[in-house]
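Enquirer: The structure that follows is given in the form of C-alpha cells.
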Amino acid sequence: MTSDEIRASFLEYFRKNRHAIVPSASLIPAGDPTLLFTNAGMNQFKDVFLGIGQREYTRAVDTQKCLRVSGKHNDLEEVGYSPSHHTFFEMLGNWSFGDYYKQEAIAFAWELVTELWQIPKERLWATIYLEDDETEKLWLQETDLPLSRIRRCDKDNFWEMGETGPCGPCSELFVDMGVDAYPETANDPDAGPNTSDRFREFWNLVFIQYNRNEDGTLEPLPATHVDTGMGFERITSILQGVDSNYKTDLFTPLLTTIADMTDTAYFDDERGLPHRVIADHIRCLTFAIGDGVMPSNEGRGYVIRRILRRAVLYGKKLEINEAFIYRLVDNVIELLGDVFPDVLPRREFITRTIQGEEHRFHQTIERGLELLDRSFDTLKEQNGTQVDGKRAFELYDTFGFPLDLTQMLARERGFTVDDVGFENSMEAQRSRGRAAWDARGGAKDEEISVYAEVLKEHGETEFVGYTQNNIDAEIVALIADAESVGSAQQGDEVFVLLNRTPFYGESGGQVGDVGTLESENGRLAVEGTLKPSADLVVHRCKVLEGEITPYTAVQAQIDIERRNAVAVSHTATHLLHSGLREVLGTHVAQAGSLVEAGRLRFDFSHYESVSPEQLRDIEEFVNEKIRENDALSISEMPLDDAKAKGALAFFGDKYGDIVRVVQTGTYSAELCGGTHVDATGALGFVKLMSENSIAAGVRRVEALTGTAAVATVQEDTALLTNVANLLKTPKAALPERIERLLQEQRDLEQQLQQLKSQYALANVGTLVEGATLVEDVRVVASLVTDADRNGLRKLVDELKTRLESGVVALAAVSGNEVAFVVGVTPDLVKNRDLHAGKIVSELTQLADGRGGGRPDLAQGGGKNPSKANTAIAKTSEIVGQQLKT
C-alpha cells in the first residue's frame, strides 16, 4: 500500500463507523497557553475533554499535523539517528467524546489492524497501565490476543499531553518485527514491548479521564473520552515492510532530491545522516512557516530558527555552502499539499522566508565555526572538556548559533558546553524576560472546572449581538476568584455569565464590548467581555449599585456608540488587508490584529519594509472603497464552501463546520466572527499612521478610523496653519524655511560654544595659580561653568601643557548630569604610576555615575549634579592615595 492509500483507508474505516472526518488543526494551538506547538491529535479537542467546549459530533477521525520539538515531548535529538522519530509528523487518530470508551476502542483497533490491514495476529502485542485490570480483561474478551502478549507498564502507559492538561491510562499496540531482523533477541525470555527495537509501537489508545492541574494533582473530567494516536510515518513503514520511516514513500522522494541537489549519494547508514536530518527538517519548516510561525529569537519562532539553522549545518556536512534548503519546499508540498491544502497558497511565501533565513545564517556561519574550532583546539591543548558558557553565548549572540547547535557540534568533537554559564550570560544581557508565547484568550487552569460546570448545567451562551444591542437575559452564574459565588455587592468585581447576551467577547483581534447590566436590585458596569472558549461569553463586571445574584433577570445593554466605532475599525481592517494584498502581493496574510474604537493595528506577513509610496497606494485603495460605499454581505456556510469561494481563513484560529463569511464587493471575503458596518461608506475616512517591523518577516500597520481619523487630520492641518503663520511662510515652503532656521541655530550654537571655550581658556592662568600640592605633585581640580564635555577636554589639555607636570580634574554641570574629565601629564604616568582612568572612576562614583579611560586622559559622568562640588573636592585625596600605593 502507498502512504496515501494507508491514510485514506484509516479515515474511511472510521467514517463507516460513524466518525466525522475533521481537518487538521494548525500547528499553532488556538487559545491554549500551555502548548508551544500542536504535538498531538487531541490538542484541538482539549476544550471538549475539559468540558468547556462542544462539537456537533461525538465521534471523530483525522490526520493531524504535529511538531515535537520542545517541552515534555521533544524528539529533536533523535532525528536522523532513530529510524522512527521526527520533528514533524502526522498523527492518525480516532476520538470519542463521551460516546464509546475502552471496549469499542479496542475492538475498532483490532479489526482495522488485523482484518483491513491484515497484520498477522501472532505478531501483535499490547501494553497496559500497571493498575488497569479492566483494559487487560477487554483485550482478552474483544480480541485473539493471548495473555502472554499483554504487558503491564508504569509511566509509559499513562499518557499526558504536557505538564498540565487532559491525561489518563493508555494501551499501546506493538508489532514484532521478527527474530530474523533482531537475532540477538532469539534466546531472550523477556523479549517483548519496550525491551528492544524488535517490538515497534505504532498505536496508542488513550483513555482520557483526568485533568492534571499546575500543582500536579489529578482532577476527574466531567466525562470520559477516547483519544487514539497512530504515528502515520511509523505505520507506513510497517505496512510497506521496511525497517525505517526514511525508507517509505513519504521520505524516499525527498532523500533522492537531496542527493541529486548536493551531488552526494544517500546511504542508509551514518553517511546518510545529513540527508535524513534535512529531509525531516524541511517538512517541519514548510508546515510550521505555512501555519504562520516566523523564524525569530522568541518562542515558537526561535524553535523554528534553531531547526532551520540545524539543517544548514547538516547541509555543510554535504559541502553545501549556500542557501539550498528552500528549494525543497516544492517537493514537500508535492508530497503532502493535497493532504494539508492550507499550505498550497503560501508556497512562495514559505520558500522566500526559508531562503532569506538561510542567506542570513550563511553570512555568519563560517566565522562562527572558525571561532568554535579554535575553542576546540584550545580545549584539546589544555586537556579541557567543556566549552565556556560565555563563548557559547558569543556564538549565539554574534553568529546566530542556537545553544543546541553548539552542543551538537561539541558532542561530535567529544566536548560538552557550560549550559549554566550560557544562561547566566543570556540573563545578564536581557533587560526583560522573554515570553515564549502570548496566552491571551485561554482559560486559566483554576477557572476551567468552574466554567465546565456552568457549561454542563446551563449550556452555551447564546450570542445575539449581531442583530440586538439591548435584551432581557438571565444570570446563570457569578464567578469570583475561580469559584461560583451566590451574590455580589456594591464595589465587588465579578465575572457574570448570562444565558444569552448582546455583548461581543474579545476574539479575532476585536476588543470585547462594554456596557451595563441592570436588575431590579442592582446595576453593574460591564468593563470588558471575554471568550474563554467558543461556547462561553464571560462579562467582567463591577457592581455599581445594590446586590446581584444568580438566576436574576437583567437588562443587558451594550455601549452602542463604542460598538459602532469598533465596527468601523473592524471593517476598515478588512479593507486594509485587501489593500495590502492588492499592493504588496497575495502572499500577505494576517498575523494578528487589534480592533478598537477609532484605531486599529494590523500585523501581516511580508519580507521587507513597506515604502512610503506603497503606503500611500494602500491608504488610497482603502479610502477609494469607502467612497464607493459598497454594501457588506454577511452569510453563514460550510467551511469547505467558504474556502472554495475564496474566503480568507487565518492560521491559529479555530473554525467550526459552519462559518461566517464577511464579503465586501469583489475584493474582500474573510471568515470573521466580528461586528461590522452595513456599507463601507460608514467608515468615513481611514488614515494610516505608521508601519514597522515587529519580528522577522512580520510587519505592523497602525491606523486611525472614522471620526478619530478626521479629527487627527483637522488637528494636523490646524497645527500646520499655525506654524505657517508664525513663520510668515506659505505651507508649501515650510520645509525649506524650517531647514534654514535649524541651520542658523546650529551655527549660533557653534559660535556660542567657541565663545565658551575661549572664556574657559582665558581662565587657565587663574586655575594654574590655584593648583594645590599633593606631596610634590601639582593638582588642579575645579567645577567650571558653560562648558560641554568637548570643551572640558580642550581645557584639560591646555592645563596639562601649562602645568608641564601635574594632575587636572574638571567637572561641569549640564541639566541633570555632571561631566568629569581627568588628565595626567606623561611624566607622572610613567614615574609615579598615576592613572587618570582610576581617578575619574572614583570621582564619578561620588556623583552616582561611572567613568574610565586611559592613564593620561579619562572621562565619565554622574547622575547627581548636587554632588559635583563634593566629588571634585576629593581629587587631591584620591591622588594622594594613588601616590602611596
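Quick reminder: no glycine exception, Cβ is built from N, Cα and C everywhere.
Look at TrEMBL and you will find 1-715 tagged as domain 'Alanyl-transfer RNA synthetases family profile'. The Zn(2+) binding site annotation in TrEMBL covers His570, His574, Cys672, His676. Sequence annotations record features per position, and here TrEMBL assigns coiled coil to 731-758. The region 'Disordered' annotation in TrEMBL covers 848-870. Taken from TrEMBL, the feature compositional bias 'Gly residues' applies to 849-863.
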Enquirer: List, by number or range, the same-chain residues at least 6 past the region 'Disordered' (848-870) whose CB is under 8 A from its CB atoms?
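Expert: Same-chain residues near the region 'Disordered' (848-870) but 6 or more away: 783, 789, 792-793, 796, 811, 813, 815-826, 829, 834-837, 839-841.
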Enquirer: For His676 (Zn(2+) binding site), which residues of its chain lie six or more apart in sequence with Cβ-Cβ distance below 8 Å?
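Expert: Non-local contacts for His676 (Zn(2+) binding site): Ala567, His570, Thr571, His574, Leu632, Ile634, Val662.
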Enquirer: For the domain 'Alanyl-transfer RNA synthetases family profile' (1-715), report the average pLDDT of the model, please.
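Expert: Mean pLDDT across the domain 'Alanyl-transfer RNA synthetases family profile' (1-715) comes out at 89.
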Enquirer: Give me the non-local Cβ neighbours of Cys672 (Zn(2+) binding site): same chain, 6+ apart in sequence, Cβ-Cβ under 8 Å, ordered along the sequence.
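Expert: In sequence order, Gly508, His570, His574, Arg660, Val661, Val662 meet the Cβ cut-off.
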Enquirer: Around the recorded Zn(2+) site, report the further residues of that chain (criterion: Cβ within 8 Å of the mean position of the Cβ atoms of His570, His574, Cys672, His676; site residues excluded), sequence-ordered.
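Expert: Neighbours found: Ala567, Thr571, Thr573, Leu632, Val662, Glu670, Gly674, Thr675.
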Enquirer: Mind giving me a neighbour count for His570 (Zn(2+) binding site)? Other Cβ atoms within 10 Å of its Cβ, every protein chain shown.
Expert: 25
Enquirer: Determine the Cβ neighbour count for His574 (Zn(2+) binding site): the number of other Cβ atoms within 10 Å of its Cβ.
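Expert: Taking all protein chains shown, His574 (Zn(2+) binding site) has 26 Cβ neighbours within 10 Å.
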Enquirer: For the compositional bias 'Gly residues' (849-863), what are the DSSP-based totals of helix, strand and coil residues?
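Expert: Within the compositional bias 'Gly residues' (849-863) the tally stands at 0 helix, 11 strand, 4 coil.
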